[in-house]
Amino acid sequence: NTVSSFQDILMRMSKMQLGTSSEDLNGMITQFESLKLYRDSLGEAVMRMGDLHSLQSRSGKWREQLSQKFEEIRWLIEEVRHRLKITENSFEQITFMQALQLLLEVEQEIRTFSFQLI
């Protein structure tokens, strides 16, 4: 379940943040939260099926936003992979492995939602 996965990853990253003064980690947490909200809103639009007009009226540039989210996901995947390579802490390794898996799942969910809306 990606909802509980998001919560778990964010909680684990917050714990890691306490042990470091890394602004990068802070940025990653913010992007994960933003990604979760975006995925949830796309999911809601799909659940209301036929709500494409509502989605478009809220944001006439939803395709542009979709493209931007995919870029953010790719950036996060690269950032997580980089962190995974440089950390030797097992708690961090597990967290970043879970984050990577979550990002791949969410990318697929967003892709599926967007195809249904198109």
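Every residue, even glycine, has its Cβ placed from backbone N, Cα and C.
Averaged across the motif 'Nuclear export signal' (9-18), pLDDT for the predicted model comes to 76. Residues or ranges marked as motif 'Nuclear export signal' in Swiss-Prot (evidence: similarity to another entry): 9-18 (among others).
With helix defined as DSSP H, G or I and strand as E or B, the motif 'Nuclear export signal' (82-91) counts 7 helix, 0 strand, 3 coil. Annotation comment: Swiss-Prot describes 82-91 (among others) as motif 'Nuclear export signal', evidence class similarity to another entry.
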